[in-house]
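Here TrEMBL flags 16-38, 99-118, 130-163, 169-194, 201-221, 281-299, 311-328, 334-350, 357-375, 387-409 as transmembrane segment.
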Amino acid sequence: MPETSAARPASTGRRFLAWALRSPWALVAGFVLVHAWLVVDALTWGYRISGDVQLYRVWARAGWDRGIWPVLDYDWVYPVGALVPVSAPALLGTSFEAYYAQFLVLIVALNALALWFLARLPGRGRVAAWWWLAFLVALGPIFLGRLDGVAAALLVITLALAVRRPAVATAIATFGAWVKIAPGAVVVALLTTAKRPLRTVVLPGAAVSAVVVALALAGGAGKRVLGVFGTQDARGLQSESVFATPFSVLRLFDPRFRVWMNQDIRTLEIYGPGTAVTGRLLDVLLPVAVLAIAALSWWAVRRRPEVRTDVFLLSVTALLLSLIVFNKVGSPQFVAWIGPPVAVAIALAGPGARSVWSAPALAVLGTAGLTQLLYPVAYDEFMVGEPWIVLVAAVRNLALVVLLVGAVVQLVRLGRGAAGTVASTVVAEPHASRPDPGPVANA
């Protein structure tokens, strides 16, 4: 039967989509176009995106020019490992233009490496790579001007490496946690799901941490090597954070609730009755949530070791979401953390497990889009309390809570062996007839 004229465009579209998913050159072109647009967008927004980079430059310049380094000479808001991505972009020049250009190159290069790791994953690696590009477009340019761009790329790389090289993944994730805490979620998830955690998680993680701490102490850091925890405790409740949502909505009706810019670290904090108590409560709830999710994943994988892959990926996702939901420092760019486990899950999930990740993948894209609307698009309106963007922020934060609850529920279902929870399939060798039991099976 001849093809109708109406069916021809649809058929052509399907052929183009199939070609794009198969062709490495299409993926390269997509990467270039996406990052070119994001870089131009970042430059267009100016200080809104580059403000933190200007702080990084000040710290790096003081170190290179005067020998005064964060952590080594004074307390810092970041872990000591962040000195690497903060100081490296100043190697070829410390003017703002030179530093910003080098910082952008660093983030884009790390993203290219992350995309390469994604595309090489078995299963639907290239689909995952395209989803990752879509996620970055939805999130917008904020990750280009923050250390979270480094953390997100390292998360993708370590999650992809965990498939076959859990010890290497642990080492990289441990260093990443000394830059921003988020990659530490990979270490915790590997620790609870690995068959031999001492050899493949504890030892490489301890070795990397020992080197980092030893270098910091040799540089004169002293007790400041762990000072980041005290610095974080002293911070207020950030207005964009999940638990600040009720207070942010209340400021529409109650003048006792107001936002204030903390100029030292360029964060918008909210003040009013109950905000200080909430901040102190979150200091306790965050580690409790992490421990609870770690215990849940340990229980699930011991009950059903055949779903080790799914437990690992869900555990990382839940841990990262808990680091956002229960964090009083809820910066918008933290949403960059939850894209990596979803992208890797898209690649590794077998036919029976894909439905588990389909809805979260769409929800994460939507959450990223709302985050871009909040920052940088309408941040001025949010600061002054325009009702529509305050409600957008509330919806975004509710979505993060729903995603966290969903990940925890799926972990429980996996542990109980509920119907519809099917193990991911990762083939060890292209022609193997026996399915591999999971990405951390050899750990």
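Using N, Cα and C of the backbone, Cβ positions are placed for all residues, glycine too.
TrEMBL does not curate its annotations; it predicts them automatically.
The transmembrane segment (334-350) is in contact with the transmembrane segment (130-163), judged by 3+ CB-CB distances under 8 Å for residue pairs 6 or more apart in sequence.
For the transmembrane segment (130-163), same-chain residues at least 6 beyond its ends with a Cβ under 8 Å from one of its own Cβ atoms are 20-21, 27, 30-31, 34-35, 37-39, 41-42, 45, 49-53, 56, 78, 82, 85-86, 103-104, 106-108, 110-111, 113-115, 117-118, 120-122, 169-170, 172-173, 175-176, 179-180, 182-183, 185-186, 190, 312-313, 316, 320, 331-337, 339-344, 346, 348, 361, 364-366, 368-369, 371-372, 375-377, 426, 439-440, 443. Sequence-distant contacts of the transmembrane segment (16-38) (same chain, six or more residues past either end, CB-CB distance under 8 Å): 108, 111-112, 115, 119, 126-127, 129-130, 133, 136-137, 140-141, 144. Long-range contacts of the transmembrane segment (387-409) within the same chain, counting only residues at least 6 positions beyond its ends with a Cβ under 8 Å from a Cβ of the stretch, are 240-242, 245, 248-249, 251-252, 293, 296, 314, 317-318, 321-322, 324-325, 330, 335, 338, 359-360, 363-364, 366-367, 370-371, 373-374, 378, 381.
Residues 188-189, 191-193, 233, 237, 243, 311-312, 314-315, 318-319, 322-323, 325-328, 408, 411-412, 415 of the same chain sit 6 or more residues outside the transmembrane segment (281-299) yet have a Cβ under 8 Å from a Cβ within it.
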